[in-house]
Amino acid sequence: DQDCLPGWSFYEGHCYKVFNVKKTWEDAEKFCQKQSNGKHLATIEWLGKANFVAELVTLMKLETHVWIGLRVEDKRQQCSSHWTDGSAVSYENVVHNTKCFGLDQKTGYRTWVALRCELAYHFICMSRVPR
């Protein structure tokens, strides 16, 4: 629909597809990129998109977490976010190897959960609508 490739779903100028295979976070991102130019693991920047993605994933009946395109790049660096008192957020308290994020199956895929990047889960790719 809306010029997405067959099997992909349209929402707000992008196409999305949940893949029924399990990969590590890094392999899932590489897989998405190979689908064609401009594809990556899905990003979720607002509630409407979060709800759309949750519904799309729920339809697959996967029963596992699902990778999204969020990862802490370097736990030694401070995040660009800040606490309300202005101090920088650091990830020193994050469990080692827990720097990749997925949609939490237990909440109907409506919240994010920090996961070990080397574990294999299903994943959702997104791309801009082809012109």
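Heads up, the Cβ atoms here are built off N, Cα and C, so glycines get one too.
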Disulfide-bonded cysteine for CYS32 as listed in Swiss-Prot, from CYS117, CYS125: CYS125
Record Swiss-Prot, residue CYS100, disulfide partner from CYS79, CYS117: CYS117
Three-state secondary structure, which DSSP defines for CYS125 (disulfide bond): strand
Three-state secondary structure, CYS15 (disulfide bond) (per DSSP): strand
